[in-house]
Amino acid sequence: MPVFASRPAGLMFACALVLLPSAVFANEPVGAAFRDEFDTLDPGIWFTSDGWTNGPHQNCTWSKQAVTVVDGILHLSFMPSTEGQSGHLCGEIQTNATFHHGTYEARIRTAKGSGLNAAFFTYIGPVHNAPHDEIDFEVLTRDTGRISLNTFVSGTQQNGTTVPVDPPTDAAFHDLAFIWEPDSIRWFIDGVEVHRAESNLPVTPQKLYFSFWGSDTLVDWMGPFEAPQGPLVMEIDWTAFTPLGEDCQFPESVLCKTP
């Protein structure tokens with residue numbers, strides 16, 4: 001049975017609560033290098049959130065119906081309530097394994113819509129018998145021309161900023177990456193470094209997440225929720241992790257372009 005773990009509601013981060021398939025301990029072995037092109041959704045790699053919300057701030061229920069693979073691209077959908085569907089549905093996946101220092105990458109495109117959050121992030125927390133550490137890319141899709149970056153270290157938000165992205169994330173796919181090292185985290189968009197943190201860094205291995213969700217209450221942060229006329233989609237073309245010290249795995253990797 002899944003374990004429910006909460007983070008304080010109302011804080012400005014990607015996913016205020018996290019649900020895990022089972023209790024996972026921070027000292028378990030960390031995952032090896034992988035790249036997933038999403039020809040299918042591999043349950044050996046991914047756990048799909050299904051059947052719960054992350055708290056009253058979230059206006060949609062995680063659902064397997066909102067997680068699909070279409071022509072080699074993972075779709076995480078926000079599915080507004082309909083006559084045959086009671087309540088909004090939304091999509092989230094997380095890795096079964098935890099990962100530590102290394103390079104995390106994904107190629108994504110988002111929809112546009114106020115009150116929604118499309119996130120690519122890592123997280124570990126009290127449900128894993130670990131401090132709350134986190135590293136984020138978030139597109140608050142009311143403004144798809146900007147991406148929010150930040151970390152949490154032992155539950156305290158650190159190193160936050162917002163950077164422009166052109167063209168907007170609803171108009172084109174973008175390659176997002178961060179390189180997490182013991183003494184720094186560097187964030188990249190389309191191979192260009194856009195932010196760097198060199199103090200107050202996360203230290204604990206974390207799980208990799210993708211999520212697309214909405215809120216009626218986090219208006220100051222995500223904008224007023226505007227119910228879409230039909231499903232909206234966050235698309236993930238591929239994702240990859242390369243442990244620190246290992247060589248570039250594939251030509252599109254930021255490691256092939258960055259010293």
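We count from 1, first residue shown onward.
Backbone N, Cα and C atoms are what each Cβ position is placed from, and that goes for glycine too.
Over in TrEMBL, the protein carries these features:
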- 1-26: signal peptide (SIGNAL)
- 23-247: domain 'GH16' (DOMAIN)
- E134: active site, nucleophile (ACT_SITE)
- E138: active site, proton donor (ACT_SITE)
Integer mean pLDDT for the domain 'GH16' (23-247): 94
In three-state DSSP terms, the structure that the residue listed as 'active site, proton donor' belongs to: strand
